[in-house]
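Here is the structure we will look at.
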Amino acid sequence: MSREAQVDLTRLIAGALAIVTFSIVALVVMPYFLTRTTTRPAKPAPYTTAQQAGRAVYIANGCIYCHSQQPRDPSVAPDQQRGWGRPSVPADYVHDEPHLLGTMRTGPDLFNIAVRQPSRDWHLGHLYQPRAYMAQSIMPAYPFFFEERTGPAQAGEVVVKLPPGAAPAGVRIVAKAEAIALVDYLLSLDHTYPVRTGRNAGAAP
Amino acid sequence: MSFTIGLLVVTFFASLGGLGLFIWSMSNGLFGPESAASRVIFGAKEIGLAEEPAAASVAGQNALQETMNRTGHTGEFSVLTAEEANERLIQDASGKWPVLLCIGFAVAWLVMASVFGLVASIKLHVPDWLTGQAWLSFGRIRPAHLNSVAYGWCSLAAFGVALWLMPRLLRTPLVGAKTAAAGAVLWGLGVSSGIIAVLAGQSTGLEWLEFPWQCDVPMVIGGTMMGVALLRTLRNRAVEHLYVSVWYIAAGLIWLPILITVANWPGVHRGVSQAAMNWWYGHNVLGLWFTPIGLAAIYYFIPKVLGKPIHSYNLSLVGFWTLAFFYSQVGGHHLIGGPVPGWIISLSIVQSVMMIVPVTAVAINQHRTSWGHLGALRDSPTLRFIVLGGMMYTLASVQGSIESLRVVNTVTHFTHYTVAHAHLGLYGFFSMVMFGSIYFMLPRVLDWEWPSHRLISLHFWLVMIGFATYFIGLSIGGWLQGLAMLDASKPFIESVVITKPYLLVRTLGGSLMTLGHLVFALHVGLMLTRRGAVKRGPTLLRTRSYTPGSAGLALGGSGA
């Protein structure tokens, strides 16, 4: 083994480690300390057990691949004009593990969906068949969150109220636990409370 | 606004200074005699000889050699001696089993990934198709597609190429082939269990990191086993100089486990800092794993097939360090406009734009090496895929730099435009380069010629036309989607409706690509089972020589 190749190799390993360490410090460690110091605010309230279960349904079924949860500053995009809410700040995400900021808006931002659509019936029906509410929607239908029942009503079942013609005749559409939990979570998405704003609160200028 | 600009300027000069300091400290010897290092991949007098095991028979290889002679690159008397041919044969065969396992699994995952991708694509314009089962829903098929592409096809192909290239680059047989083979199996098992978990609804919810940690464990162990075999081979090397491809591969092998470990560290990531980590990882797995392996292959195969050293070896090393430095910090541009500290975004934008430096270095090297010999693309399937893949690397990188600028990003962020861009990188660049590499490697590994050159052409044209359709269609659709979303006077649904015809075009392109992959998989299958007539032409490494003025190659006996 030549000495020159040995020097090359040492340089390679040292350099590769130095560079990756630098990037970890800049993009992982510093954000960790900077956002950790955010004092825990009164709002948002921690998720309830039911909301947490719904959040798990949101994750398991990949809602994140079409919906973001990060309204942007009015100087960047008209998110606020669309009714999606004020620009979000790090404190809004204090209970979020994993984060669900999202990278696509094939569908609208959901950070304040509870404000825009506070109706549980609407959400359940929309999950069952989005096109019954918005003809041009390309959101998938989630029939597996529901079951079709006939016969006498059972205690505690949540029957979905659908627009006429959206469900097969002669059956009633009953929401399963996943659907109810998911809607509980969606109805918790209300970040309209006031926050301290400014650069340190994290809204990108 | 002035604060933003100030931040950008400070970040720019700080990183420029940092990089200058870094290159200065690394540069001892960097600008030494370069010809020796760039010639290390050739035999003592081999320069001027084309090598292409995937050529169509001896006539095909002769045609390639004649093309090279006509474009007159050396005029030297070129010869590969029996001893050199023999050594290379041993190196090529030393990683047979791990290479075959990696490539076999990779191609199987390519087919699976294509099916997932196609199903997901159709679902976006036929939203009521296959909605009956949870595991078939868009939100599960789509991450199954991404993960089977990234960890199934791309990573296993990358390991296969690395395991085969390193012995050649270091001129020594692979050390620990069995360990590496077991590692490939473990990795494959990890990926399989991860995909099943995602389809079953057990995703972690983090893009690029969807696998539950239990599935990551066999992948990390398997990856480490392959890495250890390669590093042991590196220690055993018989070369004076480390060729630039070795730099890329070794660095990639060091970076990958660090990325996976930091990203999966339990209990520290949450909220906005987790989002920053997520995109640090998401972009670095591209920049510090796939890109280095893809560039290592480009830097080896183009000069090797042409029989001509790369244009500038020093430039390739500058390209290496600048790539590592800038690329490792670009991830934050996925959060432009998001709730993260402004300096993270500024840093990422600056470094994204600075990526133009390493990209230019690669582009100059690649194009100056192959320029004037483009006729060789006709005779060499390897070159056809790799040269085009290299061009798409340049395109994807320049597009990425432009996309990170706020004014462009505002339109493209959150749209299908980004999806198209991702495919230009991981498909147009990386997958194409892997196709070319596999066409070169498998004949040497299996000692068998590709059964059909028609199938290679069919594969090439299907994926090229399919990908062009996919990319152009989806880029236009995504751009229009972004413009519609920025126009507050339009209801949101208009940004959905406007994309529909382009989503259909994407399915069309994706179908052609899938068809191409089926052709490729079939061909690899025929190859692995040694179908086709016995043809022993370019596949065999043998003593070869070329004398200027003669008609073609003079072939000696088999080197074996």
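Including glycine, each Cβ sits where the backbone N, Cα and C put it.
Taken as a whole, the domain 'Cytochrome oxidase subunit I profile' (B:279-528) shows an average pLDDT of 94 in this prediction. Annotated domain 'Cytochrome oxidase subunit I profile' per TrEMBL: B:279-528, in sequence order.
Panel annotation: around the transmembrane segment (B:6-24), residues 30, 318, 321-322, 325-326, 329, 342-343, 346-347, 349-351, 354 of the same chain, lying at least six beyond its termini, place a Cβ under 8 Å from a Cβ of the stretch. Per TrEMBL, transmembrane segment is recorded for B:6-24 (among others).
Long-range contacts of the transmembrane segment (B:97-122) within its own chain (CB-CB distance under 8 A, at least 6 residues past either end) are made by residues 129-130, 136, 138, 141-142, 144-145, 148-149, 152-154, 156-157, 159-160, 163-164, 174, 177-178, 180-181, 183-185, 187-188, 191, 195, 226, 229, 431, 434, 438, 441-442, 445-446, 503, 506-507, 510-511, 513-514, 517-518, 520-521, 524, 528. Residues or ranges marked as transmembrane segment by TrEMBL: B:97-122 (among others).
Tertiary proximity for the transmembrane segment (B:150-167) is limited to same-chain residues at least six positions away from its ends with a CB under 8 Å from its CB atoms, namely 91-92, 94-95, 98-99, 102-103, 105-110, 112-113, 173-174, 180, 184, 187-188, 190-191, 194-195, 208, 211, 219, 223, 226, 229-230, 233-234, 245-246, 249, 252-253, 285, 289-290, 293-294, 296-297, 300, 426, 430-431, 434, 437-438, 441, 445. The transmembrane segment annotation in TrEMBL covers B:150-167 (among others).
If you look at the transmembrane segment (B:179-199), the same-chain residues 6 or more away from its ends with a CB under 8 A from one of its CBs are 95, 97-98, 101-102, 105, 109, 112, 135, 140-141, 143-144, 147-148, 151-152, 155-156, 159-160, 163, 210-212, 214-226, 228-230. Feature annotation from TrEMBL assigns transmembrane segment to B:179-199 (among others).
Annotated transmembrane segment per TrEMBL: B:211-230 (among others), in sequence order.
Residues or ranges marked as transmembrane segment by TrEMBL: B:280-301 (among others).
Residues annotated as transmembrane segment in TrEMBL: B:313-330 (among others).
For B:342-364 (among others), the entry in TrEMBL reads transmembrane segment.
Only residues 6 or more beyond the boundaries of the transmembrane segment (B:385-402), in the same chain, are considered here, and those with a CB under 8 A from a CB of the stretch are 291, 294-295, 297-298, 301-302, 330, 352-353, 355-356, 359, 362-363, 366, 370, 374, 377, 408, 421, 424-425, 428-433, 435-437, 439, 460, 464. The feature transmembrane segment is assigned by TrEMBL to B:385-402 (among others).
What TrEMBL lists as transmembrane segment is B:422-446 (among others).
Positions annotated as transmembrane segment by TrEMBL: B:458-482 (among others).
If you look up TrEMBL, you'll see B:502-526 (among others) marked as transmembrane segment. Through the fold, the transmembrane segment (B:502-526) approaches residues 103-104, 107-108, 110-111, 114-115, 117-118, 121-122, 124-125, 416, 427, 435, 438, 442, 450-452, 455-456, 458-463, 465-471, 473-474, 476-478, 480, 532 of its own chain, all at least 6 residues removed from its boundaries and within a Cβ separation under 8 Å.
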Proximity verdict for the transmembrane segment (B:422-446) and the transmembrane segment (B:211-230), three or more C-beta pairs under 8 Å: no
